[in-house]
Structures are given as structure tokens and as C-alpha cells.
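Below is one structure, written out as C-alpha cells; comments come after it.
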Amino acid sequence: MNAPHRLLRTAVVRAIETSAAAALPPQELMRRAAQAAARRVMARWPAQRVAILCGPGNNGGDGAMLAACLHRLGRAVEVWRLAGGREPADAAQAWRECPPQLLRTGDPDTGALPADRSLLIVDALFGIGLARPLPPQAAQWADWANAHPGDVLALDVPSGLDADTGAAQPHAIVAAETLTFIADKPGLHTLAGPDHAGMVHVDDLGLGHTDAIGFDAPGLVTSGLGALTGPRDHPALFAPRRQDTHKGSFGTVGILAGAPGMTGAALLAGRAALRGGAGKVLVGLAEREPALPCDPLQPELMLRSADSLLDHGEQLGVTAWIAGCGLGDSPHAEAWLTHLLRTMPAVPLVLDADALTLIARSAGLASQLAARGGARVLTPHPREASRLLGADTAAVQADRIAAACEIARRFRAWAVLKGAGSVVASPEGGWTINGSGNPGLATAGTGDVLAGLLGALLAQGLDAASAVRGGVWLHGAAADALAARGVGPIGMTAAEVIDAARALRNGGGIPKPYRGKQK
Ligand SMILES: NC(=O)C1=CN([C@@H]2O[C@H](COP(=O)(O)OP(=O)(O)OC[C@H]3O[C@@H](n4cnc5c(N)ncnc54)[C@H](OP(=O)(O)O)[C@@H]3O)[C@@H](O)[C@H]2O)[C@H](O)CC1
Ligand SMILES: [K+]
């Protein structure tokens, strides 16, 4: 198994930084950060003039030392230094090393610099120490940088972005690339992070794969250690199939979904489960008598009434359940869900959409779920998560990792908090952020498709961690593959994601992470 691509909350980074700095000469870490940044500038922007915007703290100190490095390498560099703020010792030394002739006064946005592509702007205003709204002058400089047609390289964190949560202040820097130090940070990969950080590169400043576990402060709201998952982390998705198999070898998915008018949600989940590799898919439509005898575009799906499926699920050999897609929240729906939670307690269960709303509304259902055996997977979007937590959506989005971990804890389940950089929390308290996906998924039915893919992987016998983390990555990577060939993100449809996911599992080229349209 590859070493995990660690994501560390800033409290853990601070602890590592303090411990390492104590064993090194003064300013050594800052010097290494500046040298790492200089190497990156020389490699990716070999000819551009460089304007470095520096803040009052050590992030600014990184910038000042970078200026000295680039100047020694013969590069054209100009430095703007934000007035005010206390000056940490490391930064003070950095400014003593910055050649004074590089310093510019006034504001870069007064046209002091021609805004053209031959200029690289480096954001060294604020890093992990930003503790309140950007001061006006910094906001003004950030606006100028964001309006610049050329690239912006952010040091450690784009200024104005929260390195733990991905929350972006107004005026937060939008970078083409972020070079982050010591370890990668969750806020660069979830919520507004992907839009502001651009491509993220990590330099560990020579500290290696620090045993961050030792620094995981117990006082943290949630574990300070997580990981970013990518294609190399999900080998089970690509395991070759033996010849000597039959449809029973790949499990049977039972789906409770599709109230009148929402049949499409059930069919999307069913098609995703089938093309996600399940051997058989049974769809129990949430209506007294199914209006649809079969899915004409996918006749392999076996449609029946919800009652029939729930009454015969065991004999039919269901090995994974999915419930909620277009289920509705009627008393009938609640009764069917109650029945399902009592059925085949050891069989894995994916709960999405209306099933989550019903559970949030009923303490009885919630305790039934928590008491049920087998793997349980909840896939809320932020509003459904707010209902499960009894909080408001803004609170969920303010710390997506904490929200996902709390849902996982309360329901002793896997929790997938969907959105940019979906957070996957395990019942044991671990968390990962998914590194795939793009705005093409912000369209009707993609949640049904995700539920179908997860159910298919569980039905095929993948362990819950592999199925959930792998299924979430596969769903996003399918959207990235579509976007890479121009099928989206604008206008991408949920049905297209299904076939793209199947192609990836059968040797289709793994797409690069989507990083939006650069300037
Ligand atoms: N220390 C090391 O060994 C290394 C540090 N690295 C870099 O350092 C930053 C973290 O540095 P820090 O000084 O803690 O914080 P920042 O540079 O991000 O800036 C915050 C400073 O500015 C003050 N502050 C905070 N918010 C505001 C605001 N809204 N307006 C004005 N000033 C603000 C804050 O001081 P306060 O006490 O006033 O809060 C800080 O002084 C890290 O991100 C790295 O870039 C390197 O990694 C190398 C090793
Ligand atoms: K910065």
C-alpha cells in the first residue's frame, strides 16, 4: 500500500515546525522554504520577472528570503512589504538578508508594475498564521494579484484561505499553484481550496515523512491527521476478474428508491450499480404498484415493488442495499425504510438523499441505524448533513472534516460529505479528502450514481474502506475523464458519469486532477 498522502491540520504542522526548529540553526526552516520556492520558480517560471508581496509574519519572511535567493540567481525581483504587524524573529532576520534595492514603496496596484503575463506574482502575504480578515491593504494587493493575467504562486497557503477548512475570505488569493511547506493541508483540497490553491506541490523542508502521529494533539476538534486519496490508493477497483465466475460472484444489489415522479433516480442508481460491476440489480420502486415493468434502456435491471423486494431480499440473495434515491419522505417511505433497517442486518447498506432526511427526522430510525450491524454508509450533501447534525449548513461547511467525523461517530457509519473535495470519515474517526471531481458533478442525479457505485462495490465484496474511498474517487475521476475530453464540466450528465466510471475500471486512462480554467 502506498504511503498515504498525509494532510495535516495546522495545529499538527505547528507542533512539527516547533520541534524541528528547536533542533536546527535559527531560520533554517525558513531558508529551506525559500530555497524550495526558488527551485520551483526557476523550474516553472524561468524567464519571468518576479513581484513578491510580503506580509508581516513568517510567510512574509519566506518571501523576503526568496527574493534574496532569486536575486543571487540573477532574476529580476521586486518586493512589496505590507506595513504593520509584529515581526517574528525569523522574519526579522529574513528582512536583514533581503537586498534593500529590491524593496518597492507604495502599492503595486497603482500601475507600478505593468500587469502582463511576463510577470510572476508570489503571494507571501499570509500563511497559516492568518487569524482574522485580511487587512485592507492586503486585500487591495490580493485583488490586484487576482486581476493579473499572469500566474500567482502562493507560498504555503493562498492568503485568505483557511488551511484547515478551505474557507476563503473575500479577496482571498487565487493561485495557479501553491507550494506548501512541511506537509499538505486539508484546506487546500476541500470547499474553496481547489478553486484558490491551483496545483498543490508539497515540500517537506527535509523533515521527511515525519511521524506526524506523535504530534496529533488530542485537543484537536478531530484527528489532525488525514490523507488525500488518489488513483494509487484504490487497487481493489482495478483487480482483474477470474475467468471461472458467474453473476453470483459479483453480488446482488437491492435498491429501495424511486417514489412516483422520481423513478429516474432509482434507474440511475440501478444502472450505476449494474455498470459498476454488480452481478444482479433489483430495484424496489417506492410505489404501491410499479408503473414501470422494466427499464427499457437497461432491461437487465429487475424492477419490482418495494414491498416485494423487502419481503424477498434474503431469498433473492441481496449482498448490498441502497436506499433513499428519490424515495420521498412519505409515511410509506418511512415504513419501508424501517422495514429495510430491520432486514438482513449484516448486509452493507448505503443511505442517500431522502433516507437521510427520514433518519434526521426520526430518533427511532437513527437508533435503529446505529444499532444495525454490517457496514453503513451515509452520503449527505451539506444540507442533508446539517439535518443529520441539527446544525445549519453554514456550520457544516465551516469545518467539513469535523462535520463528517461527527456524523460518522453518531451513526457508527461511514460518512461521505459531498462537495468540492468530498470528505470521507470512517466510523473509527479517521478522515480522508477525495482528490478527484469537478463542477460537472453539480447536476441532477450524480448523487444517485454515487450511491449506485458504492452499492455495487460493497455487493462485490470490497471491504467498506476500499468500497467507500474507492467509489468516491472513481465517481470524481469519471467526471475528470469526461471533462478532459470536453464532455463537461458544463452540461455533463449523471448518466455519462456511469459509463466513464466503468471505462476507468477497465483500463481507461486515469485523468489528471481537474484544476479549473487557469487565467
Ligand atoms: N516558523 C517557521 O519555522 C516556518 C514558518 N514558515 C512560514 O511561516 C508561516 C507562518 O508564519 P506566522 O508568522 O505564524 O503567520 P503568517 O506569516 O501567516 O502571518 C500572520 C502574521 O500576521 C499577523 N496577522 C494575522 N492575521 C492578520 C491580519 N488579518 N492583519 C494583520 N496581521 C495579521 C500575525 O500576528 P498576530 O499576532 O497579529 O496574529 C502573524 O504575525 C507559514 O505559513 C509559512 O509560510 C515556513 O513554513 C518555514 C518554517
Ligand atoms: K501565502
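Backbone N, Cα and C atoms are what each Cβ position is placed from, and that goes for glycine too.
Remember, TrEMBL labels are computer predictions, not curated facts.
Here's what TrEMBL has on this protein:
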- 13-213: domain 'YjeF N-terminal' (DOMAIN)
- 58-62, 127-133, Asp156, Ala265, Gly326, His381, Asp448: (6S)-NADPHX binding site (BINDING)
- Asn59, Asp123, Ser159: K(+) binding site (BINDING)
- 230-508: domain 'YjeF C-terminal' (DOMAIN)
- Lys418, Gly419, Ala420, Gly421, Ser422, Gly447: AMP binding site (BINDING)
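Counted over every protein chain shown, other Cβ atoms within 10 Å are most numerous around Ser159 among the binding-site residues Asn58, Asn59, Ser159, Ser422. Here the binding-site residues are His381, Lys418, and the one whose Cβ sees the fewest other Cβ atoms within 10 Å is His381. Sequence-distant contacts of Ile128 ((6S)-NADPHX binding site), defined by Cβ-Cβ distance under 8 angstroms and a gap of at least six in the same chain, are Thr10, Val13, Arg14, Asn59, Asp156, Val157, Ala163, Lys185. In space, Asn58 is the closest of the binding-site residues Asn58, His381, Gly447 to Asp123 (K(+) binding site), judged by Cα positions. Sequence-distant neighbours of Gly421 (AMP binding site) (same chain, six or more apart, CB under 8 Å from its CB) are Gly166, His189, Thr190, Leu191, Gly193, Pro194, Arg400, Ile433, Asn434, Gly435, Gly437, listed in sequence order.
In terms of Cα spacing, the binding-site residues Ser159, Gly419, Ser422, Gly447 that come within 10 Å of His381 ((6S)-NADPHX binding site) are Gly419, Ser422, Gly447. Cβ crowding, taken as the number of other Cβ atoms within 10 Å, peaks at Gly61 among the binding-site residues Gly61, Gly419, Gly447.
Between the CA atoms of Ala420 (AMP binding site) and Asn58 ((6S)-NADPHX binding site) there is a gap of 30 Å, rounded to the nearest whole number.
Highlighted in sequence order, Leu53, Gly55, Gly60, Gly63, Ala124, Leu125, Phe126, Gly127, Ala154, Leu155, Asp156, Val157, Pro158, Ile173 have their Cβ within 8 Å of the centre of the Cβ atoms of Asn59, Asp123, Ser159, the residues recorded for K(+), and are not part of that set. Selection of the binding-site residues Asn58, Asn59, Asp156, Gly421 by a Cβ distance under 6 Å from ligand 1 yields, in sequence order, Asn58, Asn59, Asp156.
Least packed by the Cβ count within 10 Å, out of the binding-site residues Ala131, Ala420, is Ala131. Looking only at Cα atoms, Gly61 ((6S)-NADPHX binding site) sits nearest to Ser422 among the binding-site residues Lys418, Ser422, Gly447.
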